[in-house]
């Protein structure tokens with residue numbers, strides 16, 4: 001009952017280099033403010049790192065510090081909106097160290113009143129999306145759009161659009177997998193929207209509920225990973241042979257007035273059957289704003305902030321392991337297990353990395369020499385991500401096959417048509433108005449629908465019984481005790497290791513600084529000795545010339561003395 005199109009793609013990667021800010025010039029040591037990243041107009045998709053040794057990386061897109069928000073969107077993102085409207089799942093995720101410009105690029109904290117030039121990817125994508133939907137080519141479709149906003153804070157899932165203060169009555173958020181292997185976020189609130197203004201309002205409301213805090217590197221540091229999702233459901237008509245012939249998407253102009261979702265006029269079931277089949281296409285657009293990787297020494301945090309940093313780094317470490325397992329050719333050949341279940345972040349992104357989605361990763365980096373080690377790590381992970389292969393699928397399901405009411409109406413209609421055909425056959429004797437083969441076909445369709453209806457009824461009853469049993473057996477107290485025990489064990493076992501790791505890094509950095517100072521002194525001493533050696537060689541050369549002149553003079557004097565004796 002499905003009609004699927006698929007595309008085998010790789011994860012696209014865009015690099016964005018943020019400019020040095022006024023805060024950088026004030027807070028960073030002056031000796032580490034040097035720009036270590038460079039691009040060339042002759043190789044626009046290449047970036048060069050000028051560190052201890054020169055490194056070169058290639059990406060699908062490279063945006064320098066002077067690139068505007070509009071250019072990032074038009075060049076790398078707008079075509080993803082086209083894929084989303086075609087029915088593909090799409091994911092855009094921003095990755096990088098803390099204070100590298102991820103939230104600014106994504107536009108997660110934007111609102112309706114944000115300045116047009118500074119708007120990020122999310123508001124621009126929504127304006128394009130609603131412009132398409134309001135165009136003439138979508139008028140014949142029935143369109144429904146919903147949004148959700150989820151946060152991963154200290155490995156807990158939070159619904160940012162659920163403002164209920166009563167935690168006990170909030171639905172539990174769980175990550176599940178359906179029979180087809182697709183990841184489902186159960187318990188998450190999805191809100192129906194009809195305009196850009198409504199979506200931006202929910203985005204702003206959810207951003208206010210998100211965990212943020214001040215560190216030495218960022219006064220508004222995101223302390224959690226966040227995913228803002230837009231789900232689009234399109235009901236459209238296809239020809240009776242099962243092949244749709246969509247028209248190419250034309251670029252609509254930006255609307256001057258708020259656009260709202262429209263729906264085609266309702267059709268009777270018989271009209272739908274006469275004109276062709278209606279299919280439902282559902283696609284999901286995930287905008288992922290990851291919290292930045294950070295070192296406790298540089299952020300100068302403690303207590304809850306330190307715990308947040310450890311949780312953030314743990315999730316990003318798991319993400320890095322998944323990227324390495326999927327994208328590192330040397331590991332991918334020998335890897336049979338992908339560690340998606342190591343963290344909730346990688347579990348949520350399972351479809352986006354190696355699954356059913358068109359994915360764009362935007363790697364955000366700082367050009368300052370002070371951040372060169374984090375920048376190189378980000379570039380390496382982003383470069384590996386380009387090797388990840390996805391298999392994106394568009395599923396077109398005939399409308400009503402999962403709707404019991406629809407199937408009941410269809411069964412009654414087919415029964416009435418069969419009865420009418422039989423009556424017509426009896427009246428006309430040996431010359432029925434409808435061939436017997438058509439009657440048999442209708443009977444087979446009726447039988448198939450009855451079987452589908454019975455199967456769906458059984459599945460519904462079984463699922464209801466399982467849900468009731470699960471609710472009866474679920475022990476909330478034991479779950480909380482287990483969770484608290486895990487958190488305590490995690491903090492006791494992992495936090496000291498992280499602190500010791502940071503301490504070792506600090507000592508190594510100090511030793512490296514001393515070694516560099518000693519090396520500079522040695523180079524200066526060698527240079528001075530080379531100058532002295534050069535001067536000594538010049539003096540020796542002069543002395544050789546003087547000695548040669550004296551020898552010649554002595555030889556001439558001796559020769560004159562011999563001549564005098566002969567006389």
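If you go along the chain as it appears here, the first residue is 1 and each next one adds 1.
Using the three backbone atoms N, Cα and C, a Cβ is placed for every residue, glycine included.
According to TrEMBL, the ATP binding site annotation covers 96, 97, 98, 99, 100, 101, 102, 103.
The feature coiled coil is assigned by TrEMBL to 439-473 (among others).
Annotated coiled coil per TrEMBL: 498-525 (among others), in sequence order.
For 244-259, the entry in TrEMBL reads compositional bias 'Low complexity'.
Among the features that TrEMBL reports, region 'Disordered' is placed at 239-268.
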Taking the binding-site residues one at a time (96, 101), which has its Cβ surrounded by the most other Cβ atoms within 10 Å?
96
Of 97, 103, which of the binding-site residues has the most Cβ neighbours inside 10 Å?
103
For residue 99 (ATP binding site), just count the other CB atoms lying within 10 A of its CB, please.
25
Report the mean pLDDT of the predicted model across the coiled coil (439-473), rounded to a whole number.
70
Set of same-chain residues at least 6 away whose C-beta sits under 8 angstroms from residue 100 (ATP binding site):
18, 292, 364, 365, 366, 378
